[in-house]
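Chemist: When I checked Swiss-Prot for this same protein, it listed these features:
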type: DOMAIN; residues: 8-98; note: domain 'EH 1'
type: DOMAIN; residues: 40-75; note: domain 'EF-hand'
type: BINDING; residues: D53, D55, D57, K59, E64; note: Ca(2+) binding site
type: DOMAIN; residues: 135-224; note: domain 'EH 2'
type: COILED; residues: 278-381; note: coiled coil
Amino acid sequence: MPRLEDWEIKKYWEIFQGLDPVNKKLTGDKVAPVLKNSRLQDDQLAKIWELSDIDSDGKLDFEEFCITMRLIFDMVNGVSTAIPKELPSWLIPSSKAHLIQANNAVRSNSNQGFDYEDDEDGLSDDFDWYISPTDKATYETIYNSNSDSYGRVKFESLNSLYSSLSKVPKSDISSAWNLVNPKSFETIDKDQVLVFLHILNQRENGKRIPRGVPASLRATFSKEVPNYDLNSVQAKPQPSVGTGRKSFANDYLNKIGQANTITERGTDFSSTEGTDWEEVRLRRELTDLENLLHKIQNGNKNDNSNTNDDSALLKYEYEQLLKYKQNKLSSANLSTKSKDLTEVKGDLDLIQSQVSTLEDFLKSKSSELEKLNEEIRSLKA
């Protein structure tokens, strides 16, 4: 079959826009008239929808809508005699290829080590989001061994790791990936990889995969405003407690020759510099310093000894530290605003590009219309 041509995509864009999409997506109700007009059988239309709705959100974005229209036209025009069982590679949008691969991994019946039915009855609900320094070092080793030159990791690049997990079914691997990748990108960054591996680690040790992630993580993964509630339980990491559980991905680390590179060390926050996480951390440190300063001030009021000079000096040092942290937080806020402006500029450039495309299309249609009018006038003459 021929690939999608530019003129064909422009035609689908006209139809898509005419159906009044909301947030760049069409619901089933809005697409239904187009589907019914094809006069295909209901089971055929249901199969087309299933193939087109790649991210399974019950809606169609423009790429998914193009798939729907092409499958319908191929059936109506006799190019195809049956709905394909799966999308041909030429019809899969590059931005969604990773979703197809993830879904196929869940459905396939390969002989890999993680292919078995999930025993939900034996799982516990005490999932712990805290990442210990040792676990973090393990996750970073795996990340460094699989990330590309841009620091990104694809779902399929960790296939060897998945096969080494004896207690994690494929469906849970896919669920964990979707949790850290709510925007359904083809690749994920370091923060997302570390949390993804942590979820797999917890599942390997008998913890049920959670239905969602903490607000602060969700904001980071979705590039939204993080949760700054310092009293939130999610904002306070739980202390590491020895559970006697086995080390994560030992066999996999041995396989890639990285088993001896993991050592116990303190938590390294350098990777969060310039991110939303750094701002959360600075706010937390500011609160701790303010509380400590408040205690010192109260202590001075109740202390009748001759240690006022020492207390005054200590108070001055903490005030200077507090001022430094406040300045650093202000710098982090400015950096965040600058990043937001960059994203807005990118959106504007994209919109401008779309407008230019539509203007070119309008000009071509206007030219065609003018030619038709000239032919009509010549015939009348």
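Numbers run from 1 along the shown chain.
Just so you know, glycine gets a Cβ as well, placed from its N, Cα and C.
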Chemist: So which residues does the domain 'EF-hand' (40-75) touch in its own chain, when a touch means Cβ under 8 Å and the partner is 6 or more beyond its ends?
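Modeler: Apart from its flanks, the domain 'EF-hand' (40-75) reaches 1, 4, 8-9, 12-13, 15-16, 21, 24-28, 31, 34, 83-84, 86-87, 91-93, 95-96, 99-100, 103, 184.
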Chemist: Would you count the other CB atoms within 10 A of the CB of E64 (Ca(2+) binding site), including those on all shown protein chains?
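Modeler: The Cβ of E64 (Ca(2+) binding site) has 22 Cβ neighbours within 10 Å.
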Chemist: Give the helix, strand or coil assignment DSSP yields for E64 (Ca(2+) binding site).
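Modeler: In the DSSP reduction, E64 (Ca(2+) binding site) maps to helix.
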Chemist: Within 10 Å of the Cβ of D57 (Ca(2+) binding site), how many other Cβ atoms can be counted across all chains shown?
Modeler: 11
Chemist: For K59 (Ca(2+) binding site), what is the secondary structure state per DSSP, taken as helix, strand or coil?
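Modeler: Reduced to three states, the DSSP call for K59 (Ca(2+) binding site) is strand.
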Chemist: Relative to the mean position of the Cβ atoms of D53, D55, D57, K59, E64, the recorded Ca(2+) site, which additional same-chain residues have Cβ within 8 Å?
Modeler: K25, S52, I54, S56, G58, L60, D61
Chemist: For the domain 'EH 1' (8-98), what does DSSP give as the number of helix, strand and coil residues?
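Modeler: Going through the domain 'EH 1' (8-98) residue by residue, I get 55 helix, 6 strand, 30 coil.
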Chemist: Write out how many residues of the domain 'EH 2' (135-224) are helix, how many strand and how many coil, based on DSSP.
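Modeler: Tallied per class, the domain 'EH 2' (135-224) gives 56 helix, 5 strand, 29 coil.
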